[in-house]
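Annotated features in TrEMBL:
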type     : residues                                                                          : note
ACT_SITE : Cys76                                                                             : active site, proton donor
ACT_SITE : Cys226                                                                            : active site, proton acceptor
BINDING  : Asn13, Gln46, Asn66, Gly77, Asn78, Asn166, Asn199, Glu217, Arg218, Gly227, Thr228 : substrate binding site
Amino acid sequence: MNLRFTKMQGAGNDFVVLDATAAPLALTTAQLRRLGDRRFGVGCDQILVIERSERADVDFRYRIFNGASGEEVEHCGNGARCFVRYVAEKGLSDKRSIKVETVNALLELQLREDGRVRVDMGAPVFELARVPFDGTGLSPRIENGFELWPLEGLAQAEFAVLSMGNPHAVQRVAEVDTHPVAEQGPLIEAHRRFPRKVNAGFLQIVSRREVKLRVFERDAGETLACGTGACAAVVAGIRLGLLDEAVEVHTRGGDLRIEWAGLSQGLDAPVLMTGPAQTVFEGEITL
Ligand SMILES: N[C@H](CCC[C@H](N)C(=O)O)C(=O)O
């Protein structure tokens with residue numbers, strides 16, 4: 001099969017974008033992993049497949065697959081921004097704001113005048129069973145009314161546990177640049193308390209409006225940026241009383257702006273993310 005693709009990146013998180021708006025595309029897990037492979041394929045953190053939605057009030061459906069595993073996942077923040085950029089560049093819609101359905105969410109995405117993309121990432125989910133997280137027998141520490149959980153085998157840390165459609169465990173660290181992310185990341189990602197594994201966030205608070213973040217992503221390892229991870233980390237920081245409602249997040253691949261009014265408007269307030277999204281090259285691969 002000859003497959004045309006568009007390679008894109010959002011703050012260094014990189015994607016292979018496949019356009020299935022004209023004809024359906026069904027790839028096997030092996031083909032998805034080949035696309036994601038940085039030696040034997042194109043190479044990317046995630047693969048995004050864009051389809052027309054069957055729902056009258058929704059413009060598109062977009063599916064996300066982790067490149068290393070070929071597994072479908074629920075949400076991808078940097079991917080959502082690249083999706084909007086792709087739709088605009090390919091003229092797939094003349095709207096400035098488009099409605100997009102994912103496997104478990106309905107998103108409103110906007111392309112701004114300054115070329116950055118603003119995404120309504122939906123509301124965070126704190127119900128542990130929906131993360132999912134099994135806290136049975138554990139005693140969380142409560143800070144500012146928000147639970148911080150211990151994890152067996154990671155005694156030196158405590159975690160904010162929440163979902164942005166995909167699962168996140170966020171810990172506060174003194175200095176992200178020197179923190180042992182490569183050692184701790186896999187232990188958190190595969191921890192038995194997360195039945196569907198988890199994205200592991202490492203958050204350094206610089207001020208109430210500025211943070212530094214590294215994320216060891218589920219089924220991807222450390223990426224240069226994680227959009228849903230940035231949302232989860234800022235929401236956790238706000239709930240802990242450490243951050244204001246609008247925060248600049250410095251990741252290794254670039255800067256994201258995250259806004260959440262959850263304390264003033266209610267915890268079901270949407271998380272808004274603004275950041276870069278660029279096309280790197282177009283290509284064709286024979287699978
Ligand atoms: N690895 C993530 C999916 C991609 C998330 C990340 N790339 C983002 O920008 O949100 C997971 O398995 O939940």
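Cβ atoms are placed via backbone N, Cα and C, with glycine included.
Owing to the predicted nature of the structure, the values given are computational and were not obtained by experimental measurement.
Overlay of TrEMBL feature records on the structure.
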| residue | record | DSSP (3 states) |
| --- | --- | --- |
| Asn13 | substrate binding site | strand |
| Asn66 | substrate binding site | strand |
| Cys76 | active site, proton donor | coil |
| Asn199 | substrate binding site | strand |
| Arg218 | substrate binding site | coil |
| Cys226 | active site, proton acceptor | coil |
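Cα to Cα, Cys76 (active site, proton donor) and Asn66 (substrate binding site) are separated by 10 Å. The binding-site residues under consideration are Asn13, Asn66, Asn78, Asn199, Thr228. Their Cβ neighbour counts within 10 Å are lowest for Asn66. Taking every protein chain shown into account, Cys76, Cys226 are the active-site residues, and of these the Cβ with the most other Cβ atoms within 10 Å belongs to Cys226. For Arg218 (substrate binding site), the same-chain residues 6+ apart in sequence whose C-beta sits under 8 angstroms from its C-beta are Asn66, Val73, Asn166, Pro167, Glu189, Lys197, Val198, Asn199.
The CA atom of Asn78 (substrate binding site) is located 7 Å away from the CA atom of Cys226 (active site, proton acceptor). Other residues of the same chain near the substrate site, with their Cβ within 8 Å of the Cβ centroid of Asn13, Gln46, Asn66, Gly77, Asn78, Asn166, Asn199, Glu217, Arg218, Gly227, Thr228, are Asp45, Ile64, Val73, His75, Cys76, Gly79, Val215, Ala220, Thr223, Cys226, Gly229. Reported as a whole number, the C-alpha separation between the residue listed as 'active site, proton acceptor' and Asn13 (substrate binding site) equals 7 Å. Largest Cα to Cα distance within the recorded substrate binders Asn13, Gln46, Asn66, Gly77, Asn78, Asn166, Asn199, Glu217, Arg218, Gly227, Thr228: about 16 Å as a whole number.
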